[in-house]
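Peer 1: The following block contains the structure, expressed as structure tokens.
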Amino acid sequence: MAQVQGKIVQCIGAVVDVEFPRNAMPKVFDALKLDGSALTLEVQQLLGDGVVRTIALGSSDGLRRGLMVSNTGNPITVPVGKATLGRIMDVLGNPIDERGPVDQALTAPIHRKAPAYDELSPSQELLETGIKVIDLISPFAKGGKVGLFGGAGVGKTVNMMELINNIAKGHGGLSVFAGVGERTREGNDFYHEMSDAGVVNQESLNDSKVAMVYGQMNEPPGNRLRVALTGLTMAEAFRDEGKDVLFFVDNIYRYTLAGTEVSALLGRMPSAVGYQPTLAEEMGRLQERITSTKVGSITSIQAVYVPADDLTDPSPATTFAHLDSTVVLSRDIASLGIYPAVDPLDSTSRQLDPQVVGEEHYKVAREVQGTLQRYKELRDIIAILGMDELAPEDKLTVARARKIQRFLSQPFHVAEVFTGAPGKYVSLAETIRGFKMICAGECDHLPEQAFYMVGTIDEAFEKAKKLAA
């Protein structure tokens with residue numbers, strides 16, 4: 001069937017209006033190709049009288065009225081499957097790593113329905129991360145959704161990289177990394193890190209374990225809006241082959257922000273704080289597809305930027321509803337020099353249930369949170385009256401809480417190059433044992449400095465000996 005042709009009638013920035021014959025109008029989300037150019041337009045609105053409003057997925061420089069546009073009749077399709085492994089692609093699935101074309105034998109549209117309810121497969125299996133505070137307070141479920149929330153510069157990307165280091169490298173399945181509106185430098189660093197670790201196999205790309213899709217900060221809003229869907233489509237294809245997939249998104253907030261830009265360009269009335277009126281629906285459309293079926297699983301880890309450290313902002317607040325575990329990074333904890341700067345009182349997980357994690361893990365986690373909460377309440381009294389005015393049991397609580405706080409810190413493998421301290425992976429059993437000993441008072445004789453930036457509790461005892469020497 002010959003492709004229907006239309007012509008550009010208006011071009012305002014990234015928004016392009018195209019006129020088609022009235023009896024052959026394209027559908028919403030159809031991809032249109034500009035004749036003689038690589039530019040793709042995606043239909044967003046039908047304006048009537050044969051005119052459709054589209055968003056340019058690429059620079060609209062040089063476009064003018066009267067240029068001919070062809071309707072492909074389908075949504076944007078991207079390559080999926082083995083051909084994408086070890087490659088860096090853009091929103092349209094074109095390679096940007098200068099290593100030749102990506103094999104297009106298998107392709108899939110980026111818009112599709114979420115799996116039906118009866119196809120879903122809830123999982124109670126835990127995913128060990130090797131990061132103490134996460135494994136103890138907000139354990140991850142295999143096939144679950146995790147959000148890393150934090151303001152600017154508190155360590156979302158470093159935490160994300162450490163999770164990739166600890167899970168993806170030791171994980172038998174495949175990973176997909178979607179860089180949505182983040183720094184190009186970070187995308188480049190990630191690629192080289194994956195190459196050094198052998199996750200990207202330079203000799204035989206098809207034996208790699210990760211596919212990368214980037215639509216970074218410098219891209220037009222259309223690219224940043226759709227790049228998360230492109231990455232998700234690739235992850236879904238691996239899942240439907242029966243694989244266990246890790247899907248990393250950095251950063252989901254930029255997806256919302258791109259939606260805001262597009263919404264404003266399309267002339268929609270903004271809602272709260274200037275966000276698009278369709279914020280919840282757009283977020284739901286993406287998040288409902290990130291799910292595990294009876295065939296395979298997608299475990300997703302998403303970094304979520306929190307504007308002005310305000311968790312009640314509509315964008316992070318909308319994201320909260322879709323997640324199984326939330327890891328909240330706090331500027332106050334970062335300012336104490338405790339990294340990862342995870343707030344153990346704000347972070348939550350559906351998996352932290354005695355029937356899932358076991359009675360011992362649950363009790364230790366709740367005791368740790370209880371001790372820290374009591375310390376938080378006592379801090380005002382300490383600030384006004386000093387430590388000496390506290391009751392003996394409160395003094396003990398404060399001492400233990402400060403040790404717990406420091407023991408929640410941990411040297412990261414990915415930060416080794418900056419700190420010089422070798423990274424530590426701590427198993428869940430060791431994590432529980434360590435915190436149980438602190439809560440039980442078996443470490444009351446150790447100085448609190450011995451707990452700072454160590455792995456297991458045994459290392460804290462070793463460090464205490466060195467400090468005493």
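Note that Cβ sites are derived from N, Cα and C of the backbone, with glycine treated the same way.
Annotated ATP binding site per Swiss-Prot: Gly150, Gly151, Ala152, Gly153, Val154, Gly155, Lys156, Thr157, in sequence order.
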Peer 1: Across all protein chains in the structure, which of the binding-site residues Ala152, Val154 has the highest Cβ count within 10 Å?
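Peer 2: Comparing the binding-site residues Ala152, Val154, the most crowded Cβ belongs to Val154.
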Peer 1: Within its own chain, what residues at least 6 apart in sequence put their Cβ under 8 Å from the Cβ of Gly150 (ATP binding site), listed in sequence order?
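Peer 2: Once residues fewer than 6 apart are set aside, Gly150 (ATP binding site) is near Lys156, Ala303, Val304, Tyr305, Val306, Val328, Leu329, Ser330, Ala341.
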Peer 1: For a quick check of understanding: among the binding-site residues Gly151, Gly155, which residue's Cβ has the most other Cβ atoms within 10 Å?
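Peer 2: Max Cβ neighbours within 10 Å, all protein chains included: Gly155.
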Peer 1: Taking DSSP as the reference, which of helix, strand or coil describes Val154 (ATP binding site)?
Peer 2: coil
Peer 1: Where among the binding-site residues Gly153, Lys156, Thr157 do you find the Cβ with the fewest other Cβ atoms within 10 Å?
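Peer 2: The binding-site residues Gly153, Lys156, Thr157 were compared, and Gly153 has the fewest Cβ atoms within 10 Å.
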